[in-house]
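According to Swiss-Prot, the feature site 'Part of a proton relay during catalysis' maps to T44, Y107, an assignment based on sequence analysis. The pyruvate binding site feature in Swiss-Prot is assigned to T45, I203; the stated evidence is sequence analysis. Swiss-Prot lists Y133 with the feature active site, proton donor/acceptor. Under the heading active site, schiff-base intermediate with substrate, Swiss-Prot lists K161.
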Amino acid sequence: MITGSIVAIVTPMHEDGSLDFPRLRSLIDWHVAEGTDGIVIVGTTGESPTVSVDEHCELIRVAVEHAAGRIPVIAGTGANSTAEAIALARYAQQAGAVAHLSVVPYYNRPSQEGLYQHFRSVAEAVELPLILYNVPGRTVADLSNDTALRLAEIPNIIGLKDATGSIDRACDLIERAPEGFALYSGDDMTVAAFILLGGHGTISVTANVAPRAMHEMCAAALAGDAAKARTINARLVGLHRHLFCEANPIPVKWAVQRMGLVEGGLRLPLTPLAESFHDRVLTAMRQAGIQA
């Protein structure tokens, strides 16, 4: 089981929107040096909706190849077509990812039984360990705790990223989940509490900007050191909040560009961060001790 701070890494792009693989490789090196515990490639923060299937597969391949075992790479493979989700998962397994993260199918609004059948079909088609991803604020469909725990009975479904932000739901999951089933927070603002209550880590947006601090906060929480986790988190609250002042990943890509880590490329329909938000993101970065 991977524990701690797993970054939902941004996808570097040139100003014209083309993929920037040299910057991706340097970002991976930086996360290794900063202590990040794992990488999710081509997730929501990695702009998965606007990359082609070929680009999606190439991003997975390059990330796994360049990480070269120095840091675990989890491949984002979600789709609202079960057949496409299976195809992406098969490629992730072939490329050598340690696991894959599959989001609740969006837009077509399946029932709980439809969600169960979708994820079961993916898990049965591919041996690669599968982490469920519930983010109802984006998908509309909401994977209930009961359905998630039913899916947890399938051997290669190994965990869940819970991005509901609900501590009540997290407590229920932590209490009822089988031993060895990994629970990750997908809500940076509640990560410390989530782990202190018994969660195993986070798949984080903030870790793109403050990877060492996120690693240290998670490590403290996993060790049961609530005071240390709280102290570190206090410096990061501004980032947790203002990296979502516009739709993710717009603010976080602006922040990592300010840090000199990537160019400013985004793909439509995403547009650059509105100037009115620049100061609040910069202030949050400085509060976290980040020079930009």
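Along the chain as shown, residues are numbered 1 onward.
In case you wondered, yes, glycine gets a Cβ from its N, Cα and C as well.
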Around the residue listed as 'active site, schiff-base intermediate with substrate', which residues of its chain at least 6 apart sit with Cβ under 8 Å of its Cβ?
L101, I131, L132, Y133, N134, V135, Y184, S185, G186, I203
Length of the line joining the Cα atoms of T45 (pyruvate binding site) and Y107 (site 'Part of a proton relay during catalysis'), in Å:
18
Chain-internal residues near Y107 (site 'Part of a proton relay during catalysis'), provided their CB is under 8 angstroms and they sit 6+ positions away:
N80, T139, V140
For T44 (site 'Part of a proton relay during catalysis'), what is the secondary structure by DSSP, using just helix, strand and coil?
coil
Other CB atoms within 10 A, centred on T45 (pyruvate binding site):
23
